[in-house]
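For reference, the structure is listed below as structure tokens.
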């Protein structure tokens, strides 16, 4: 019977956990700029591809 | 014609100036240099994200030297330690993903930069760097050299870092958390199954719900209590009084219910109500963070200028430290921060920030130069007459208009309705109470509280935020940016419109050019056009664009003489283009017009006269506005254009010329004193006073990112002819609000019949409340979109 107390308590704690996560996210400024991260996310591949090319790429550039 | 575009900046390439580098074409050496910098550092991905994203770097030698001054730099920095410093720079050119990419890879271009992060909507880049390796001025020069010139103004210098107000987000989060959980926990009560097992847990559920409602009641709704208290204190009945009253009664009644075990209370409806109303508040706030509606001269004036000391040494000093008698050095494109006397022989000063007139005015040694002008051409020297705060232009800001709190100048439609709503509501509640008290005391209290709960003007309070928020977005998409939703209500009330002339109803982009004098042969025209190509003076550029393209001849010995004109050898003839005196013409009365004179081989030919070009659709706009509004045109210029304006504009338009900034403000004030609701449409800093004084101040801007004085709304210049459409839409928005008020009152009547008969069950309240919210919100959204479309089709 008393399992319902336990379950509800757990569910409330889970909900509070999410709420705290939300507050932390707002506090860190994640909601201040909602556009740039969506663009920035797509850059990462581009940069790493560039870096791997860098070592050979420089010589190639010199030839060109 | 050459149709090729520059690989870097995308501008058309003039065939002769074309530079080919690395198999790519560039329009000028500046663009090529930027490409070179990028390709040397493996940053050519810049060109992959967006086609020709760049800007041509400007020549800004010496402009950021003041950033070497420690005390100035420390005021600009957000954070400063021995090895780390953080600065936020505003960069107007940020416009695409390539910009984000290159600015977040600055560390690859310059040693000492640790991290840089772009905030795209704000058009800002936040740079974390090591001041021991790299200085701020070096970073500023680096950014300029790749075409991203930072914008550092007096405003940055004064304000430093601002804190962002996020309390509404928190409140909304709390309200949603409480609302969601309470709804879930309320389900057993909704079904009211008389089951032993569930009945056993009733108290547990109820007290848990009670505990969950506390954050919403105490924190999320706190804004309403404060506002209600303030409005009672100032004896103005606003909508927050019945809301706060409703919420408190809601809470007390529900608590009594569960304490006395009468029922489950109305906590679900209570938290739902708080959540929806906060949502409405959130929706109403649509900020254009890349725009600023609060700009004054500080946003445009430089942080520091170069002072020439008595021993001829040069030094950067903060603008506020300039004293009378100092000698200042003003470079090309630099703003003159104070009034003074010109010492150098000549100067060409562009006052477009102040008056909207972009053609530079020539000054000679000994002339007075005013703050706000921009020097075009070579370096000049001047002597200071007044300090910054006492200069001609900046004095305007000491006027009372800029001091008082503008919030209170208008009463919103919701508040005017609630002035009737609140007393009627209380009357019904007491009538119900009085009726029942003789029959059953318990029911009497139930009815009294139920009336206040049901009639809580949730739907009423949601109407205006959702309608206005929606209209705000609709006009925002059409490049009419409003400061806040209240501006729409004010727009609907306007009955008088005052326009500034230069830069507002005229455009800077084009000019009406006509030729007076001896006829010019085709060969001569070609020669003139070829000479004009070399000049960057705005008049030369316009005349160049005006003359037909017929070919080109080579020129030699080209020379540009600031304040006078240009001269050059073309084939066998010698061409001079410029002011009357320069071309050997005896001065006549030319004060009323702008003209460029032509002289060839010491023979005077004639002049090109530049007339203001009025904005496209101006005539139609004024014609359609004329029947609904009183229109006035206010100009700081002389009456030179009077005849042309009278012909163009409707007869009833009043024209006033020679107005100083303070006089413009006074003009608006007089109109208001005679009971008018005035809308001011202006553009320059000299209109700032009038814009602030008017009921609605609209600033017209050719480039919204760069320049606009403080105002209530910013309209992009290309949308100027839509002004009447926006005004009509604002009136329709008010109509939608009134219709929706009717609808929500209907809900109140239905709810009240339940309440007054003593039959309000928690379940009924839980149904009526969200239902009315959803219908009201969808009604106003659909209606405002419908009117927006309908009006657009017609106009």
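Note that Cβ sites are derived from N, Cα and C of the backbone, with glycine treated the same way.
Positions annotated as domain 'HMA' by TrEMBL: B:85-151.
According to TrEMBL, the transmembrane segment annotation covers B:168-187 (among others).
Within its own chain, the transmembrane segment (B:207-227) is flanked in space by residues 171-172, 174-175, 177-179, 181-182, 185-186, 238, 240, 243-244, 247-248, 251, 254-255, 258, 264-265, 267-268, 270-271, 274-275, 277-278, which lie at least six positions past its ends and keep a Cβ under 8 Å from the stretch. The annotation transmembrane segment is assigned in TrEMBL to B:207-227 (among others).
Note on the transmembrane segment (B:239-256): residues 210, 213, 217, 221, 224-225, 227-228, 231-232, 262, 265-267, 269-270, 273-274, 277, 414-415, 417-418, 421-422, 425, 449-450, 452-453, 455-458, 460-461 of its chain, located 6 or more positions outside it, place their CB under 8 angstroms from a CB of the stretch. If you look up TrEMBL, you'll see B:239-256 (among others) marked as transmembrane segment.
Taken from TrEMBL, the feature transmembrane segment applies to B:262-280 (among others).
According to TrEMBL, the feature transmembrane segment maps to B:420-438 (among others).
What TrEMBL lists as transmembrane segment is B:444-472 (among others). Listed as Cβ neighbours of the transmembrane segment (B:444-472) (distance under 8 Å, sequence separation of 6 or more from its ends, same chain) are residues 239, 242-243, 245-247, 249-250, 252-253, 266, 269, 273, 276-277, 280-281, 283-286, 412-414, 417-418, 421, 425, 428-430, 432-433, 435-437, 482, 484-486, 488-489, 729-730, 733, 736-737, 740-741, 743-745, 747-748, 751-752, 754-758, 760, 765, 768-769, 772-773, 776-777, 780-781, 783-785, 788.
According to TrEMBL, the transmembrane segment annotation covers B:735-757 (among others). Long-range Cβ contacts of the transmembrane segment (B:735-757) within its own chain (Cβ-Cβ under 8 Å, at least 6 residues beyond either end) map to 413, 417, 428, 432, 447, 450-451, 453-455, 457, 459-460, 463-464, 467-468, 764-765, 768, 771-772, 775-776, 779-780, 783-784, 787.
Annotation source TrEMBL lists transmembrane segment at B:763-788 (among others). Among residues of the same chain six or more beyond the transmembrane segment (B:763-788), those with a C-beta under 8 A of the stretch's C-beta atoms are 186, 190, 266, 268-269, 272-273, 276, 453-454, 458-459, 462-463, 466-467, 470-471, 474, 729, 732-733, 735-737, 739-740, 743-744, 747, 750-751, 754.
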**Study point:** For the transmembrane segment (B:262-280), sequence-distant contacts whose Cβ falls under 8 Å of one of its Cβ atoms, 6 or more beyond its ends
**Key:** 168, 171-172, 175-176, 178-179, 182-183, 186, 189, 202, 206, 209-210, 212-213, 216-217, 220-221, 224, 243, 246-247, 250-251, 253-256, 453, 456, 458, 461-462, 465-466, 469, 762, 765-766, 769-770, 773
